[in-house]
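Comments concern the structure below.
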Protein chains: 2
Amino acid sequence: MDIALREARAAAARGEVPVGAVLLRGGVELARAGNRMRELSDPTAHAEMLVIRAACADTGSDRLPGTTLYVTLEPCPMCAAAIAAARIARVIYGASDPKSGGVERGPRVFSHSQTHHHPEVISGIAERESAALMRAFFAARREEQR
Amino acid sequence: MDIALREARAAAARGEVPVGAVLLRGGVELARAGNRMRELSDPTAHAEMLVIRAACADTGSDRLPGTTLYVTLEPCPMCAAAIAAARIARVIYGASDPKSGGVERGPRVFSHSQTHHHPEVISGIAERESAALMRAFFAARREEQR
């Protein structure tokens, strides 16, 4: 999760909402990324999506069985559905996201039969640091907008 | 919807699940695409995602207000959440997708407060043709697997 947190901090430094992710298989890193929506003008460029796309491109497969995704924030429904489509085995995330989360709340993407793969989910790892990054980012943005 | 259906047929010819999409603003086409998950080894390369990413790249913005997305099949939760993130005004789709849909069923992505934009949704346009393409594709695949 330290790598994911570093990616989140790097995202904040680029003016992006500070979320970072890293994908591992058997202790080997496959990909890491932070949010790049603004930089790439791409609303789908969430950290999780970038990690999934990079790892699939590298492995030449659209599935990533046996992998663990670490991400600093509860995935949104887009990322949760992509995680399921990629058959990622385990998702470990930091802070909950009451505003936009799609795992524990709202769409609860992994709780429906229309989602054909339900990864193991562990939450609350490095929760405090992950949430603090988000709070600091949005506080600074509000300050700028005054 | 004729363009979306053509994209769906072209996807089937490439061995992809036959879903096609096109994005318009004020009658002007911004992007069209069919599924390319297999071709690109990318589980996120659904027709809707490719159209959103192409239109955002062309316009240099991560939002697409005032646009209408035509897609042959009910969007999955990933695509529905991306549609909301991109602030697409209207989604017009063909066939329902009881197996993997995320709009009318299961995650019902547009029905939660965690989704910050709820597009107008119209369904059942060219439903029969859209569903027939899906049925023919999966029937042929089952035949191959015998």
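Cβ coordinates come from backbone N, Cα and C, glycine included.
Worth saying up front: this structure is predicted, and the values here are computed from it rather than measured.
For B:1-104, the entry in TrEMBL reads domain 'CMP/dCMP-type deaminase'. According to TrEMBL, the Zn(2+) binding site annotation covers B:H46, B:C76, B:C79. Annotated active site, proton donor per TrEMBL: B:E48, in sequence order. As annotated by TrEMBL, region 'Disordered' applies to B:99-118.
Proximity to chain A (Cβ-Cβ under 8 A) holds for B:C76 out of the recorded positions B:H46, B:E48, B:C76. Here the domain 'CMP/dCMP-type deaminase' (B:1-104) returns a mean pLDDT of 97 for the predicted model.
Ranked by Cβ neighbours within 10 A across all protein chains shown, the recorded positions B:E48, B:C79 are led by B:C79.
Under the DSSP three-state reduction, the residue listed as 'active site, proton donor' is assigned to helix. If you take the C-beta of B:C76 (Zn(2+) binding site) and look for same-chain residues 6 or more apart in sequence within under 8 angstroms, you find B:H46, B:D97, B:S100, B:G101, B:G102.
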